[in-house]
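Worksheet: the structure to be examined is printed underneath.
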């Protein structure tokens, strides 16, 4: 049966006449008279014809077809269509309330020919009526939950919730009921809330840890025809300490060899506890047994095992078995399950000692012997003894490892362990010898070593000697006791107290005695007094010690150690006379300072040395400046280089030398650049060359005339240098009447040459004649000639 509502509207026009006297008539339109009832459309309708939703009708509609109905709003024209003549509304598509629960539409009546509104538009609602077409859903499944083991019945595990997309306000389509499909009898669920609870007591995690539970939610209040949905819940039981530790065995046999060293592992055992984490931790301890002093127990942090270790070495020959009792207990105990205890267990360990081939054992842990120094080779020092503790009791052989007696002072009899010396020993060189002796069983490689300490006994074989420096510094009029402070000297005054040392050991009540050597026993300068306490005092017998008379005195002193046998030696005490100032402070003990003036202080010496250093620096600077090459005093033009270079390490070539000299320049002296200026002076006036002096013609080749002309010009020119200018020539030339002036090729000495012939060469060689012509010219005259 299709159920729908018909919407009928009536629209009435009322005319109202006003009273008499009114002009015309006023028409009043009454309010719209639509009769609205809510429209309903059932969802999921799948019939062949469109569903009639309802009908619109206006009072102004007379049925002649002049009114047209218009529908607008949500779904108008697509989902909902209207017959514009009759106003019938149909739904053309299947509706789903879960997608959209209602639609808002607008209806209007207009004139068909003019589309002029006859009624104002008005809204109405079309609701989609729900049907039970959506099953419940668990949106957050699957679920995971944890609950402690051994929980009480009814302990809440978790709550699951399902949702239903149907309308909860219409019927029972969204009314859900929960039930458990899988997981019984361990768990239950509340039908209305979905809370899962434990249903069995004492659920043990060690028996079963995980449970898979299936929960169902059904709508329609769980009645027949309702839709349902399911979800899975994985529930895990968490651990509690509800199990005590338990040793798998009551007795654990173990064994250890007697050659094991302390700290080595003997065996392991472990108590099992099925609990997890801290609940399963087990502590172990030894609580009883005759092996408590020989063994110890520790816990392996990784495997949680009890480790039995050797505490002391065991001996098979002494005791062959040991018994230990070990306890394992939980570290943490849950008070809730304390009554289930005790949470500990005990086990017995039986340890048997195994026989091993042990090395020999010395009867003493160490040995100490004594031997006199200087004892002859082969002297018996002592004897060591070791024995084999094994049942076989094999013979033992002895030896001294060379690394303990590098210089091989001792030897040992390999059979009986007798130690003897190989040479005389010196206590003063080495008072103790610490060696080792090794004992080995015959036929075995194991050995045992023992320390042997040998003390060298002292024999009085060293003479005594001075304990400190055997030199005394004494002022000429005073004596210095500590090399810096001095006191005025008087006869019988103690200038020094001497003592002695002896490399040998001093016996009880043994002391040194001092005396002057016989050769100086009656000297008149110093005397000696034995103080009978292993010291002696040196006295001065007179005054007036002078360095000029004697600066050093030697006083031989005999020292006796009164030992057995007695040893004595003569030691010389040096007494040096020194120079002192007025405050008795030593200035010097050497002779050299006497050449200095009296009273010359250290400051004066430093001042004199400083002056000497300054003078030396000045002299060195002066010599360095004199050695520098002097700069030429004449400025030469670049174009006159060949003519004006001055040197003194070659000779001219004479008139025929034309290679090293520009002959064109000589032939044309007018082309020169005038006079040569001095570098050392600045001429006040410039004097031109005198034209009156004759010059050779330009084409003349007479060099002698050219030279004469230039000499005359130089002599008459006041700005010319006051010295001659020596020219350079490449070779000596040939046919010169004067010959060579060079002494390089001379094979005779200066004393063999006769230069008197230079006097006849004319005034130009007068200077050479003065230098070399006279034999008795002094060196100073020659130096003066060179300087000029």
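Using the three backbone atoms N, Cα and C, a Cβ is placed for every residue, glycine included.
Note that TrEMBL annotation is computational and uncurated.
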For which of the residue intervals 560-581, 582-603, 604-625 does TrEMBL record transmembrane segment?
604-625
With DSSP helix as H/G/I and strand as E/B, how many residues of the domain 'Cadherin' (58-138) fall in helix, strand and coil?
0 helix, 35 strand, 46 coil
Mind checking how the domain 'Cadherin' (248-362) divides into helix, strand and coil residues in DSSP?
10 helix, 54 strand, 51 coil
List the helix, strand and coil residue totals of the domain 'Cadherin' (363-466) as derived from DSSP.
3 helix, 47 strand, 54 coil
